[in-house]
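> Below is the structure I would like to discuss, written out as structure tokens.
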Amino acid sequence: MRAVCLMLTALLMLEYVCRSDTMSTCKSLDLELVKRKRIEAIRGQILSKLRLPKEPEIDQEGDTEEVPASLMSIYNSTVELSEEQVHTYIPSTQDAEEEAYFAKEVHKFNMKQSENTSKHQILFNMSEMRSVLGTDRLLSQAELRLLIKNHGLLDDSEQRLELYRGVGDKARYLKSHFVSKEWANRWVSFDVTQTLNEWLQGAGEEQGFQLKLPCDCGKPMEEFRFKISGMNKLRGNTETLAMKMPSKPHILLMSLPVERHSQLSSRKKRQTTTEEICSDKSESCCVRKLYIDFRKDLGWKWIHEPTGYFANYCIGPCTYIWNTENKYSQVLALYKHHNPGASAQPCCVPQVLEPLPIIYYVGRQHKVEQLSNMIVKSCRCS
């Protein structure tokens, strides 16, 4: 009986939250009030994800100082990767769910210039990575990114690009990607998170990947009919310049520093659904557009890029959900029996959320980080 009473108490609290929460609504509310409260919620959310106790103080020189090109390159690559993954659903593991809340620091590591570019080897300085990342960092995601340049692919032809971990006789197959003419001037990404985790925990000073085309037994070795930007052998000043170009093969790495992953919060990732935007005639749960301007709405000058973003929010009534699939149906029925005049109506809540990459600075130090679950893309009744 005590357990039932506790569950009923929890449901009463749930109803109160539904009536007052600004992210989700169970009844019609003043939209301006919802907007103001949503903006204030975002203020606290961003500071919390960055583990900042308060807004950073503005350094006038830092505000006008130009962001280094290397950081802009990292930021642009992060934005591109986020856009590519918008419609990709990746089943989340328990570890992924636990680390999803806090902002991820983003680092970009270009490949080392190698004498073996003709063999399509991509080498990385692991000592440099360990020096930059430190030892107590939780690796969240690592993507090997290659910019495809069309060389001899015909309209109706394609080649399968195979990625191997290691080079030479020790190379081990990881995954592949089909490349056709439509991939010209586009980035191909390979998830190499597990491999990077193992390399970072090891002691090797240099590690690499190898690119190959599949070999059919008894047939001549197939030639690459496309090029990968930055892998051609260059000389002199041209080589030095190429090493700094954003089109060179690189690893984009997102991680949690020790002070963030020591107190992980669990946030559940959900499968992507279609985006349902509210209209003037909407009478059910939907996404209402809301643009947040960091300077105008929050009074912040310490976020350099972007200047704002569409945070959006969920609003609209939800009908009662009484079905066998709802694991709370029996508890709700019991609650309804003991409280015939009360309501345990479901709320309109976010279903799919997307990340927001930012460049911000504390004092005169610029950083690139990715804030998870910042953009509401679809809603559901729950």
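Glycine is treated like the rest: Cβ placed from N, Cα and C.
In case it helps, Swiss-Prot gives these features for our protein:
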DISULFID  C278-C286  disulfide bond
DISULFID  C285-C348  disulfide bond
DISULFID  C314-C379  disulfide bond
DISULFID  C318-C381  disulfide bond
CARBOHYD  N76  N-linked glycosylation site
CARBOHYD  N116  N-linked glycosylation site
CARBOHYD  N125  N-linked glycosylation site
REGION    23-68  region 'Straightjacket domain'
REGION    69-264  region 'Arm domain'
REGION    218-243  region 'Bowtie tail'
SIGNAL    1-20  signal peptide
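Describe each of these features in terms of where it is and what it packs against.
C286 (disulfide bond) falls within a strand when secondary structure is assigned with DSSP.
DSSP assigns C348 (disulfide bond) to a strand.
The number of other Cβ atoms within 10 Å of the Cβ belonging to C314 (disulfide bond), over all protein chains shown, comes to 28.
Around the Cβ of C318 (disulfide bond), the number of neighbouring Cβ atoms within 10 Å comes to 22.
Classification of N76 (N-linked glycosylation site) by DSSP places it within a helix.
Secondary structure from DSSP puts N125 (N-linked glycosylation site) in a beta strand. For N125 (N-linked glycosylation site), applying a Cβ distance below 8 Å and a minimum sequence separation of six or more within one chain yields F109, K112, E205, E206.
As a whole-number mean, the pLDDT of the region 'Straightjacket domain' (23-68) in this prediction is 77.
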> Find the shortest Cα-Cα separation between C381 (disulfide bond) and the recorded positions N76, C278, C285, C286, C314, and name the residue that gives it.
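That would be C285, nearest by Cα distance.
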> Please name which of the disulfide-bonded residues listed here, C285, C318, C348, C379, is nearest in space to C278 (disulfide bond), Cα against Cα.
C285
> What count of other C-beta atoms do you get within 10 angstroms of the C-beta of C286 (disulfide bond), across all chains shown?
17
> Can you tell me the CA-to-CA distance separating C348 (disulfide bond) and C314 (disulfide bond), as a whole number of Å?
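It is 6 Å, counting Cα to Cα.
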> List, in sequence order, the same-chain residues at least six positions removed whose CB sits under 8 Å from that of C285 (disulfide bond)?
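Residues satisfying the criterion: C314, I315, G316, P317, C318, C348, C379, R380, C381.
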